[in-house]
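Undergrad: Before anything else, here's the structure in question.
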Amino acid sequence: MLSDDHVNEIIIQVENVSSGVQSHPSSNQIFQEKVLLDSSINMVSSISDIDVIDSQTVSKRNDQKGNQVLRFSTSLNESMSQTLHSLECMGIDTPGSSHETVQGQKLIASLIPMTSRDRIKAIRNQPRTMEEKRNLRKIVDKEKSKQTHRILQLNCCIQCLNSISRAYRRSKNSLSEILNSISLWQKTLKIIGGKFGTSVLSYFNFLRWLLKFNIFSFILNFSFIIIPQFTVAEKNTLQFTGLEFFTGVMAKYFRNNFINPHIYSGGITKLIFCWDFTVTQEKAVKLKQKNLSTEIRENLSELRQENSKLTFNQQLTRFSAYMVAWVVSTGVAIACCAAVYYLAEYNLEFLKTHSNPGAVLLLPFVVSCINLAVPCIYSTFRLVERYEMPRHEVYVLLIRNIFLKISIIGILCYYWLNTVALSGEECWETLIGQDIYRLLLMDFVFSLVNSFLGEFLRRIIGMQLITSLGLQEFDIARNVLELIYAQTLVWIGIFFCPLLPFIQMIMLFIMFYSKNISLMMNFQPPSKAWRASQMMTFFIFLLFFPSFTGVLCTLAITIWRLKPSADCGPFRGLPLFIHSIYSWIDTLSTRPGYLWVVWIYRNLIGSVHFFFILTLIVLIITYLYWQITEGRKIMIRLLHEQIINEGKDKMFLIEKLIKLQDMEKKANPSSLVLERREVEQQGSLHLGEHDGSLDLRFRRSVQEGNPRA
């Protein structure tokens with residue numbers, strides 16, 4: 001195929017015919033121009049019946065320029081008419097009817113928006129003479145030059161939009177790649193998932209999610225609360241002895257300025273027949289193989305568990321065991337909550353009578369002991385309940401533990417808001433912040449001790465003393481509830497101690513490595529493999545529905561019902577915390593530049609109707625997403641049934657084919673004999689070749705062993 005330069009050399013460029021003539025041309029020139037125009041117009045009119053499919057095919061390649069044809073087709077027709085009119089004025093006849101001229105104009109209009117290469121190909125493929133092709137090229141180039149400036153303007157706009165779109169996509173992809181590259185513990189999580197499965201992996205994913213959430217919360221608090229308070233902070237004259245780190249009494253420095261408000265198992269096919277060929281390193285390949293084997297075991301385990309059925313007596317026995325376990329667990333939770341309530345009621349009197357600084361750790365110590373011991377008691381109920389599905393066991397343990405821990409936090413909130421806040425103590429906000437800090441720190445210390453000491457002792461007992469116990473399995477429910485409990489305390493304490501998200505960041509970072517080391521040393525993979533595809537969603541739901549909702553209620557009572565301290569804090573002197581917003585709005589209402597903020601507060605934030613409409617919109621969106629999810633579930637079920645039906649159809653066709661072959665063999669037994677003879681002949685031929693190859697190998701071996709042979 002010739003290049004564009006060669007084609008340009010072959011197709012001779014002819015000077016454009018001027019639209020107007022100043023002087024009278026000679027008869028020779030008139031005759032030559034007439035012949036040239038006659039041939040070009042005849043060619044244009046005769047080419048009007050060319051194959052339209054070719055022009056449509058080429059035009060489809062230029063969809064972006066298709067709109068340009070529509071924009072300048074009118075001007076093209078006008079220019080063609082002007083050209084023909086000027087030639088008529090010169091005395092040159094224009095053969096061809098008006099119908100042919102319109103068709104020729106349409107052909108030229110379809111050739112103009114093409115690229116140079118496509119236009120040359122389209123002209124070259126026409127079954128016309130070279131002279132006609134040259135004339136067509138001449139007319140197209142002439143009209144294209146008139147529309148160049150318009151096309152350039154359109155191309156500039158289109159190119160700008162395309163460049164902006166490409167830049168946005170590239171920046172988005174680059175940002176996602178950067179975030180994936182700096183993602184924490186990516187390799188460690190793959191190792192955990194490959195060895196212990198997705199159920200244990202869900203705990204560490206939840207821990208990493210909480211760490212990211214606290215980083216975001218700390219950035220907000222540090223930017224809008226801590227930095228402004230540092231600018232007006234007083235000089236610190238207190239002495240640090242080390243005990244303040246555990247008791248939280250460093251907080252006195254901030255008290256004047258810093259107190260602030262059903263799944264189908266269709267994934268087996270993907271696991272078996274799909275492999276990531278970009279994985280080339282030996283360690284990565286082994287890790288990938290281990291992950292695949294773990295996922296296959298999880299899928300097969302769920303299939304086996306779903307197909308298992310129990311008799312009526314077995315179901316009655318298990319239901320009785322479930323009821324007994326629930327009654328006992330509820331009684332234990334009520335007893336623990338009562339103990340915490342009475343201890344909290346007498347905590348202030350106990351602190352007044354004991355001057356020892358370590359006495360403030362009594363309440364956090366008792367609460368942490370309950371949070372550590374009772375979930376372990378709940379875990380032993382699995383020996384009686386014996387759930388078939390490990391997922392059901394985890395859900396039950398989560399519900400029991402969340403009931404215990406949220407009840408304890410609710411009792412402590414009642415103690416803080418009704419006893420501490422109304423006791424008349426100076427800076428009661430500081431006392432609450434210190435209590436929350438001590439609870440959070442004591443829970444972290446107990447968790448570390450349990451990881452490095454308790455779980456290690458359990459491993460020694462199971463491996464050396466009582467070998468029938470063996471290694472223990474990772475308790476997902478208990479460890480997840482520890483994270484939810486700590487995060488709930490952080491949310492409550494942000495109003496009283498804004499640095500708590502930073503402390504929680506450090507604790508979660510240390511917790512990940514301690515749990516990872518303990519998991520690799522002291523635990524075994526789950527005995528019943530199961531998929532935890534929806535566990536992360538359930539963890540986040542538990543975090544936001546009981547915990548975050550309860551925190552909002554607690555803070556609402558604090559802001560709208562309680563009176564701030566009279567001698568400390570940024571809200572001192574106000575009857576309620578909410579009056580700080582009221583006074584701020586009154587101040588803005590006197591400034592004309594901020595009236596829009598006042599309007600937004602009074603008409604949107606302070607309006608009940610706005611929140612009613614907002615709630616209605618949220619409910620509608622939730623309902624739509626729920627409908628979409630249900631529709632996808634139905635589609636998955638239908639596709640699954642379609643796959644099963646297609647497999648049945650294939651089996652039916654194979655059986656029919658076998659029956660037809662059997663009937664044909666019975667009807668023509670002679671053909672069966674011929675087939676057997678052919679098979680025998682082919683077998684003897686292969687056997688002879690095999691013997692010959694063996695004999696040749698034997699001779700070669702003898703010659704190599706004895707060169708004289």
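Cβ atoms here come from the backbone N, Cα and C positions, even for glycine.
Just so you know, TrEMBL annotations are computer predictions that nobody has curated.
Pasting the feature list from TrEMBL:
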- 209-227: transmembrane segment (TRANSMEM)
- 319-344: transmembrane segment (TRANSMEM)
- 359-381: transmembrane segment (TRANSMEM)
- 393-417: transmembrane segment (TRANSMEM)
- 427-533: domain 'TMC' (DOMAIN)
- 488-513: transmembrane segment (TRANSMEM)
- 533-557: transmembrane segment (TRANSMEM)
- 605-626: transmembrane segment (TRANSMEM)
Undergrad: For the transmembrane segment (209-227), could you work out the same-chain residues 6 or more beyond its ends whose Cβ comes under 8 Å from its Cβ atoms?
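TA: Here the qualifying positions are 184, 258, 260, 483, 487, 490, 494, 498-499, 501-502, 504-505, 508-509, 512, 536, 540.
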Undergrad: Take a look at 319-344, 359-381, 488-513, 605-626 and tell me which one has the most Cβ pairs under 8 Å to the transmembrane segment (393-417).
TA: 319-344
Undergrad: Please list, for the domain 'TMC' (427-533), how many residues fall into helix, strand and coil according to DSSP.
TA: 79 helix, 4 strand, 24 coil
Undergrad: Between the transmembrane segment (319-344) and the stretches 359-381, 488-513, 533-557, work out which stretch tops the count of Cβ pairs under 8 Å.
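TA: If we count Cβ pairs closer than 8 Å to the transmembrane segment (319-344), 359-381 scores highest.
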Undergrad: What parts of the chain pack near the transmembrane segment (359-381), using Cβ distances under 8 Å and only residues at least 6 beyond its ends?
TA: 246-247, 325, 328-329, 332-333, 336, 339-340, 343-344, 347, 350-351, 397, 400-401, 404-405, 408, 412, 434-435, 438-439, 441-443, 445-447, 450, 475, 477-478, 481-482, 485
Undergrad: May I ask for the residues of the chain that lie six or more residues beyond the transmembrane segment (533-557) and have a Cβ under 8 Å from a Cβ within it?
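TA: For the transmembrane segment (533-557), the list is 198-199, 202, 205-206, 209, 261, 263, 391, 394-395, 398, 402, 406, 409-410, 413, 417, 476, 480, 484, 487-488, 491-492, 495.
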